[in-house]
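Here is the structure we will look at.
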Amino acid sequence: MALSVSLIRQEDSIPRPTARSVRHKYDFFTLDVTLKEGRRLAIRDKCGTSDPYVKFKFDGKQVYKSRIVYKNLNPRWDESFSLPVDDVTKPLVLKVFDYDRGLQDDPMGQAYIDLASLLIDRKEEFKVDLEDPHVAEDLGYLLLDLTLVPKTSDEKEEYLAKRNRLVETQRSMKAQIWSSVVSLVLIEGKGLLPMDDNGLSDPYCKFRLGNEKYKSKVAAKTLNPRWLEQFDLHMYDDQTSVLEISVWDKDVGSKDDFMGRCQVDLSELKREETHHIEKELEDGAGSVSFLLTITGSAGNETITDLANYMPDPRERLEVQRRFSLLRSLRNLNDVGLLQVKVIKATGLLAADFGGKSDPFCVLELTNARLQTQTIYKTLNPEWGKVFTFQVKDIHSILEVSCYDEDRNKSAEFLGKVAIPLLRIKNGERKAFFLKDKKLRRRTKGSIVLEMEVIYNSIKASWRTFNPKEVKYLQMEQKFKRQVLVRNLQRVSRLVMAVVNTGRFVKSCFEWESKTRSITAFIMYVLMVWNFELYMLPLVLLSIFFKYYIVRSVMEGRTDQQEEAEEEEQDEDEDDEERGKEKSKSFKEKLQAIQDVCQTVQNGLDEVASLGESVKNAFNWTVPFLSWLAVITLAIATVVLYFIPLRYLVLVWGINKFTKKLRNPNAIPNNELLDFLSRVPSDEELIEYKELKS
């Protein structure tokens, strides 16, 4: 067999025997291989490049496959692996291929390495020329390091036992063999290429990280798809850190069309931080937008581990100075900083056979998403992690969810809790009882958290009157009878409040109570005769202070009443589950009706939520927002008293007309609606309510 290998460099010049000369003494070796790079590789694509990767075979079996380096004739891999060798007379075979999407990969050459000629216990660098008996052209060469290490019988048994344990570990997944989790939220694509006859496409995305892959859903007939999918890929220490993304057009009855691709080198991204990435496609038009977070790292060496965490007084002082009132006009979007210590969970739901779970914890603050490592075979995991979030809106909700990790399947939900940032008590270590996905009913277990939020009140107030950040991943609202009934009841309560107010005014006109009518008449005459515009915010201020006084009375609602209502809602949900359609065809017939009902249901929810937000603003449900409204109304009273209305209207109109000219990226907004969007509705208050033991 002809060899096409030449030695470039040895690790040292000490004379050492070859494997052929000592094979009678040793019957087992380990070969350490480092695939470094390729040079002047063959062109296999029409664009004048190739997408090379290398397969290593020994004794007729594939022992390793490298990652693909796209559009490069001088690829650099820098990948290492080790393989057991029980017969050094058998060659190591290298085969290089060009990756073709949907087609058979093109060969780019091969080479054979005579392991018996290698010196033992010495690292040697080789230049491996690629050959193909069917092609006469120069196919380039590979550079790699080889180290052949002989093993005694005891070392052989130890090596094979360790290797078998690793394989069993990977099979059983009883230990976290991955180093980090890459959490991705695929948002949308923009300006993709039309691939169909109608000038549109049916695009979907493929993600690949090492040996793990993910395929998104198909967005039908669009060049600007919006997927909104969340998924996780895993990073391994011995695998590539390059995330490969490709976009395809779905074709029924034929092969899917390739639309473009891009890559992200994860080693260049900061860990434990959510990155909003928009990547231009290399082989096509358009771009792909997604959120990416490298998180879930295990081990005491990670920066998120509490064992390594030491509070730095100087760092804390710098954070406090950063968000002090004196720096209120610097970077208005940087509102504050949230630190969350995930201590442990107790009494979680058993999701696996044997009465155990493999729990991990996910923390979400709007679109930022971080997670802990997985603790296997326990219902009382101790994570001991500390995470930091940048706060862009002090009215955001921290969502903490527990999941059970299942190999080759989606994670199983164990419990969840939602915590408004304004309710956090700094430095308090507290156990929160978990709820179901809808945050309405109790589920098993609790989670212990310690949180601290530092923010600038001026920035937080300014941010309140600006558009709220849209959360990409939200639970899809489906039509359900009990939800529609509940929304109707909420709207009915608002309507009845307006009707009762009208009845009260009517009773004053009809003199049903002489005292009330006389008092109303005198107040009406005095107000009309002395009315000035600045009195309008004064009236609203009086309403705020009225409810501030009776706030304790409004909070007198008992927990027993709330629990009784929750039980009624639970019974409605159980009835709904029992009343599901019995056949799929029947569901299809009702789909159109359900779509209409869902639109009505969501519309009622928006109307009810708006009315409840107004009520809760006056009820001091969120003191920060109520005080902000009081201060704003007080300023408005002073301004209206001293400045004529026409000047204020003129300034308001000039601001609105020139806003787009001053800031082309500005989002049109209504300050009042933006303020009310931060006030929770009654349904949200139920979700945020903390369960008691």
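Every residue gets a Cβ built from N, Cα and C, even glycine.
As recorded in TrEMBL, the features of this protein are as follows:
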{"type": "COMPBIAS", "residues": "561-576", "note": "compositional bias 'Acidic residues'"}
{"type": "DOMAIN", "residues": "11-128", "note": "domain 'C2'"}
{"type": "DOMAIN", "residues": "162-281", "note": "domain 'C2'"}
{"type": "DOMAIN", "residues": "317-434", "note": "domain 'C2'"}
{"type": "REGION", "residues": "559-581", "note": "region 'Disordered'"}
{"type": "TRANSMEM", "residues": "521-545", "note": "transmembrane segment"}
{"type": "TRANSMEM", "residues": "624-652", "note": "transmembrane segment"}
Residue numbers, six or more beyond the limits of the transmembrane segment (521-545), whose CB comes under 8 Å of its CB atoms: 508, 618, 620, 626, 629-630, 633-634, 636-638, 640-641, 645
Residues from the same chain, set at least six apart from the ends of the transmembrane segment (624-652), whose C-beta lies under 8 A from its own: 394-395, 422, 460-461, 464, 532-534, 536-538, 540-541, 544-545, 548, 617-618, 675, 678-679
The domain 'C2' (317-434), counted residue by residue under DSSP: helix, strand, coil: 12 helix, 55 strand, 51 coil
Three-state composition of the domain 'C2' (162-281), taking helix and strand from DSSP: 14 helix, 56 strand, 50 coil
Across the domain 'C2' (317-434), average pLDDT on the 0 to 100 scale: 90
